[in-house]
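**Student:** There's a structure below that I have some questions on.
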Amino acid sequence: MGGLEPCSRLLLLPLLLAVSGLRPVQAQAQSDCSCSTVSPGVLAGIVMGDLVLTVLIALAVYFLGRLVPRGRGAAEAATRKQRITETESPYQELQGQRSDVYSDLNTQRPYYK
């Protein structure tokens, strides 16, 4: 085992655990239940299958993520910023104080006192 890589050791561990205990796993508290017993080999197979499936999903996400184009570069960001400054603002510019707009409101004020 000294020459194996750490990844190989991880994959070998469930296999060794399955081989070491070949008798079925039984519940000690409930010996008369109608449950089916699961052997250590089946448990190791489930764990190994789960690990393999997880690695496959991670690899698929990684490779599919590499197919998507990267974010915009600095040149495109500069053009976008320039395009934003060139567009006209949809908001009206602020003007000085205009008293004629609200002058009719002052005539109604005495009614609200």
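Cβ coordinates come from backbone N, Cα and C, glycine included.
Keep in mind the model is a prediction, meaning the values are calculated, not measured.
What Swiss-Prot shows for this protein is this:
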- TYR91: phosphotyrosine (MOD_RES)
- TYR102: phosphotyrosine (MOD_RES)
- 1-21: signal peptide (SIGNAL)
- THR54: site 'Important for interaction with transmembrane receptors' (SITE)
- 22-40: topological domain 'Extracellular' (TOPO_DOM)
**Student:** Around THR54 (site 'Important for interaction with transmembrane receptors'), how many other CB atoms lie within 10 A of its CB?
**Tutor:** 10
**Student:** Looking only at C-alpha atoms, tell me how far THR54 (site 'Important for interaction with transmembrane receptors') is from TYR91 (phosphotyrosine), rounded to the nearest Å.
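**Tutor:** Roughly 52 Å, rounded to the nearest whole number.
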**Student:** How many neighbouring Cβ atoms, not counting its own, are there within 10 Å of the Cβ of TYR91 (phosphotyrosine)?
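**Tutor:** The Cβ of TYR91 (phosphotyrosine) has 6 Cβ neighbours within 10 Å.
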**Student:** For the topological domain 'Extracellular' (22-40), provide the mean pLDDT of the predicted model.
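**Tutor:** Result for the topological domain 'Extracellular' (22-40): average pLDDT 64.
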**Student:** If H, G and I count as helix, E and B as strand, and all else as coil, what does DSSP give for TYR91 (phosphotyrosine)?
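**Tutor:** Assignment for TYR91 (phosphotyrosine) reads coil.
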